[in-house]
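S.K.: Below you'll find the structure I mean.
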Amino acid sequence: MAAAARQVARAGLGFFSAGAQTAGRSAASSQVAGPSRFPLQPPTCAASFRQLSTRSKASASGKGEGDEGDLAEEKLKRRGRPPKVVVEEPVKKQGRPRKVVMEEAEEVVEEREPQRQQRSARTEDPATRKSSGGRPRRSTLVGEAPAPRGRPRMVVTEAEKPVSKRGRPRKIPPTPTPSETEPTFVRPRRSSQQMATANALESDLIADTFSHPHLPDFTQWATSFSPARAFSGSRYIVANKNTAEDLVASLGLDRLAKKGIKTTVIEAYPGPGILTRVLLNHPAVEKVIAMEDNKQHLAYLDILKADPTFGHKLAIIRSSGYLWPSYDHVLNDGHLDHLKDRIRTSTGEPAEFSTEVYKYPADVNDPNWKSESPILFLAQLPSSVYGDQLFAQIIFAIATRRWLFRFSRVRLAFTMNKNMLARVAAPPGDYKYTRTSAVTNTLTNIIPTDFSSEDSLEPYSNHFYPFRQPVGARLLKSYRVIPNANIPAAATKLGIGWLRLEPKESLAITPDTFEVFEYLTRMMFVLRSQSVEAAMKRIGPGAENVIKMLNTRGTPEERVDPAQTVTSLTGEQWAGLSRMFKLWPFKPDILIECGRASTRQVTMNEG
């Protein structure tokens, strides 16, 4: 009700003000034009009250703004004036006009025609021309919409839209001539191994020396035992039968046969059995135990086993010579039982060939160690880190009298990579002298042979197969630039050497001092180019006093100059340092925990 009253009051005030204005205009017109035919009478109070009551009733009955417009129109009709027609103009949207894409070019032209006429009209008008500043003047025409700024959008149809690819245009090859379209023979690319094989097949010397009765023709070796499978892991074999006979002759089997000692050979990595066949044919060989796990090689070893001439002398263990369980089969399966009467313990009893003997400590005074051994270990070591590891484990077992050294002073023979051979046989003071060299020189004697020279087994393809030597991991050849660098075992240098070793009859390193010897060599060869005194200080505070103890109590061969380098220590000096370090009361106990497991711990675990 309050809102309705306020609307009525506003309507009344507006009515009176409108009436007053109308009266004033009529009065002025009467004065100028004279008396009118229908003079306008001033509104009375009754008429005003009647109009207010009509509006209040309309607002009370719920009529909206549209009804008020009808009332105003009726009022104007009563006064004699025509109603004003208001035309609502459409609201223009802001922004650029929508892009219209037509299918036909004629429709595009019709769509652009009004815009062109309007643009031409603006340019002809001086008000829309550009000023001296370069900006278009504002239009002063009343009712005209401002012209859109900038260049109008170009309407392009889908048919006219060009399709372009990014990047360099495609090169179109020229049309070949009839001579170029003829098929040509392209020789396939061959590997270095295939090229070496092809060159070897052309040699008449290889055709004569690479033929063996139990193997196929050497031209078929690539299919019978391919280099990729049969010789994986950087393996090789002695393939020349003349070379195999010469190597077996250098083992000194005839010398022992004159003493009444026949040899039992344990052969690791025999391959298809070329060296094995030469050993079986030798009269001084009593038995050959071959350890092989490659199926392609085992097929030809079985042929040797079936030979009625010497098949009874061959025993095959179908396992790798790198694995220690293979040697457990040698002992536990009775392959050495024929030696019981010839190898006896210190008490005179026959030796027991089984792994049970490892439960007891080794007897240093074993008489079998002083005599010639009837056992020979022969291996064609792979040119990889596995060959290096197997060699190091066998050499370290000499000092503790483990492995086959528990029964006798087993002789050793190896074919190995020339890089590894140079490190093993390096004398003290040589830049190739390493920890393995020190252990080998301290525990064994290197027996010279006819193949001790570097070029004795050269060229490689005349003696070994595959015709190109497989190598291990491709390592950096830093030793070619740095003279005192440690040469890796698996370097890519080609060449195979021959090495014969025999454990020393009187060992300076005993099982009790081996732990200290292994610890000193491992720690001191870290500073291989420094002095012995500096290397001993690194081991522990006051460790240089061990040198003084050795020079006071040791033999003349064991005395050490504190200023000499680690790589110049001889086997006797290493033995003296190990013995004095064991007696030093302040030696670190960490040599057992962080170094190799001690012999006492291994013995307790095995027991």
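Keep in mind that glycine also has a Cβ here, set from the backbone N, Cα and C atoms.
Annotations in TrEMBL come from automatic prediction, not curation.
Pulled the feature table from TrEMBL, pasting it below:
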| type | residues | note |
| --- | --- | --- |
| BINDING | VAL238, GLU292 | S-adenosyl-L-methionine binding site |
| COMPBIAS | 21-33 | compositional bias 'Polar residues' |
| COMPBIAS | 50-59 | compositional bias 'Polar residues' |
| COMPBIAS | 111-128 | compositional bias 'Basic and acidic residues' |
| REGION | 21-191 | region 'Disordered' |
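Help me understand the surroundings of these features in the structure.
M.R.: Of all Cβ atoms in the shown protein chains, 25 besides its own fall within 10 Å of the Cβ of GLU292 (S-adenosyl-L-methionine binding site). GLU292 (S-adenosyl-L-methionine binding site) carries neither a helix nor a strand DSSP state and counts as coil.
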S.K.: Compile a sequence-ordered list of residues in the same chain as VAL238 (S-adenosyl-L-methionine binding site), six or more apart from it, whose Cβ lies below 8 A from its Cβ; state 'none' when nothing qualifies.
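M.R.: The list for VAL238 (S-adenosyl-L-methionine binding site) reads ALA244, LEU247, ILE274, LEU275, GLN380, THR415, HIS463, PHE464, given in order along the sequence.
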S.K.: DSSP secondary structure for VAL238 (S-adenosyl-L-methionine binding site), reduced to helix/strand/coil, please.
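M.R.: Once the DSSP labels are grouped into three classes, VAL238 (S-adenosyl-L-methionine binding site) ends up as strand.
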